[in-house]
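For reference, the structure discussed in these notes is given below.
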Amino acid sequence: MCFRTLCCKGPPTPRPEYDLVCIGLTGSGKTSLLSRLCSEATDNIGPTTGFSIKAVPFQNAILNVKELGGADSIKKYWSRYYQGSQGVVFILDSASTDEDLELARTELHSALQHPQLCTLPFLILANHQDKPAARTTQEIKKYFELEPLARGKSWILEGSSVDNMDAVKQSFTQLIELLEDKDQDTGRI
C-alpha cells in the first residue's frame, strides 16, 4: 500500500511563483540578505550595479526577486523595472546616518505612492538590527510615518540582520501570506 501511494501519486503540486521587486539604498544589505536566503556565500559582496534576479525558494512558494541597485545613478531608473511586480521588498539600514535614513524615507514614500506599486503588498525590513546604532522598528515606523502613509495598504515592517536568518525567513513567509491573500481577492489561481 505504501509503495503504491508513493509510486502512483504523481508529481507534487507546483508551488506558486511571485515576482517581487527589491529596492533600498546602497549599503542597506539587499544583496547579502537575498544571497543568504538562497544559501549562497556572502563573501566579497559589493554594491549591485543595475539589477540582479534571484529565485528564492520557500516551502509554499517561490519568490522571483528582482533586486535593483541603490546608487543615485541607478535609482532614477527603478520605476522602469516595477512592471509585473506582485509585491515589494524595501530594505533600509536601520543603523545609518540621519541623512541616509531621510533618503531612505523619501524613497519608501515614493515607492508607496508609485502607481505601479501602491496597491501591492510591501515588506519593509529595517536591516542591521545587530549594530549598536540600529533604530528599533517602532522608531522606524514613527520616523517614516508609516501608519498614516500606508493606511489601507498591505505592509509588514520587521527588523532584520544576516545573523538572524530565521527572522528574515519568517518576514518573507508573512509577505507570501499577503501575496496569497491578494491572489484570493483577485480570483487568480
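Any Cβ shown, glycine's included, is placed from N, Cα and C.
Taken straight from TrEMBL:
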BINDING   G24, L25, T26, G27, S28, G29, K30, T31, G70, N127, H128, Q129, D130  GTP binding site
BINDING   T31, T48  Mg(2+) binding site
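Across the binding-site residues listed here (T26, T31, T48), the residue whose Cβ sits among the most other Cβ atoms within 10 Å is T31.
Between the farthest pair of Cα atoms in the GTP binding residues (G24, L25, T26, G27, S28, G29, K30, T31, G70, N127, H128, Q129, D130), the distance is 22 Å. Recorded residues T31 (Mg(2+) binding site) and D130 (GTP binding site) have their alpha carbons 17 Å apart, per Cα-Cα distance.
For K30 (GTP binding site), the same-chain residues lying six or more positions away in sequence with a CB closer than 8 A to its CB are C22, I23, G24, T48, E67, G70, I91. The Cβ of H128 (GTP binding site) has G29, D93, S94, A95, S96, A134, S160, S161 as same-chain neighbours under 8 Å, each 6 or more residues away in sequence.
Taking the Cβ of G24 (GTP binding site) as centre and 10 Å as the limit, one finds 26 other Cβ atoms among all the protein chains shown.
Other Cβ atoms within 10 Å of the Cβ of G70 (GTP binding site), summed over all protein chains shown, number 25.
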